[in-house]
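Scroll down for the structure; my scribbles are underneath it.
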Amino acid sequence: MGGTVMKVFLKSMCDGNTGCAAYKITGAECFLAFICVAILAALFFPNLNSLASVAFVGSVSVLAYCSLLWILPVTKGGSGDGIAKKAVLLTGSMTRIRDALGGFEILALAFRGHNLVLEIQGTLPSSQKQPSKKAMWRAVKISVILNILCVYPIAIAGYWAYGDRMPVDGGILLALAAFYEKKHIIRGLCVLITINYVCAFQIYAMPTFDNLERIFVTKRNEPCPRWMRSMIKLFFGGLTYFIAVTFPFLPRLAAFIGAIGLPVTLVYPCFMCLAIKKPPRFSPTWCLNMGLGSVGTMLTLVFLVVALWSLIDNGFEANFYNP
């Protein structure tokens, strides 16, 4: 995603001139540029606890670009001629059901739990009087509120402004790049999004770095030196780049892959509570967790079927090694 945004940035520099040097830069080169920036930044942060400033910068950047993503379409008033045909569901009843369930899946993915919530909570100070779970619970509530303020205005403003002219790949960013005349604002927007992706890369990659360092320490029975930590991050960056170039179509599988990961939020916490606390059978706590876990399991299966159905019905092009 970071490389794709950098490609949009370079194309906006050319302003439609296909002979421009920046226009000829390939997707693989943009991917390489992004991973180099991300790994260079990763070299300065040894552990998850050191990423507080990175998380803050990423939060500010995401609030800034999400605000711009809905403010710009509202001020512009839509696509080129100011008229956007509204997207209409197809008449077939099964297609309506599929699209409606697909919409619910997007909502579930947008508000799923953070995959590293336990690792992040582990960086907070904790005591018997002030356990870390209280601070983490406040943080989760604030993050959900901010998520709502970011996601819903974009969805409403984007649909109002562009309707069915919204690109399938790239979403509202590519729509803005195509219809908005002030390219310097688009370039600034791309910079903000790239900063956010670089920050997110640090947070999601850090557990992998820690695990690789743990393997080294366990096998060698000695502290991991700085040069080895840097080599681990460079190796991970190269592996990530290889996967991104090999499977550049992964964003199109986001709904299917996201449905596979939904149990982490909708199912596992409920059954973990039952396994750890062992409430009496048919007690309110047991019924609540068993009910929510069962509903989460059914929703995950339904969303998997819907995502696979959409891929089969709409067609899918696997462009290996051609980002």
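Including glycine, each Cβ sits where the backbone N, Cα and C put it.
Automatic prediction, not curation, is the source of TrEMBL annotations.
Bear in mind that the values here come from a model prediction, so they are computed numbers and not experimental data.
As annotated by TrEMBL, domain 'Amino acid transporter transmembrane' applies to 4-308. According to TrEMBL, the transmembrane segment annotation covers 21-45, 51-72, 139-162, 185-206, 227-247, 253-276, 288-312.
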Closest-packing stretch to the transmembrane segment (139-162), where packing means Cβ pairs under 8 Å, from 21-45, 51-72, 227-247, 253-276, 288-312: 51-72
Result, the transmembrane segment (288-312) in contact with the transmembrane segment (227-247) (3+ CB pairs under 8 Å): no
Residue numbers, six or more beyond the limits of the transmembrane segment (253-276), whose CB comes under 8 Å of its CB atoms: 102, 105-106, 108-109, 112-113, 115, 285-286, 289-290, 292-293, 295-297, 299-300, 303-304, 306-308, 310-311
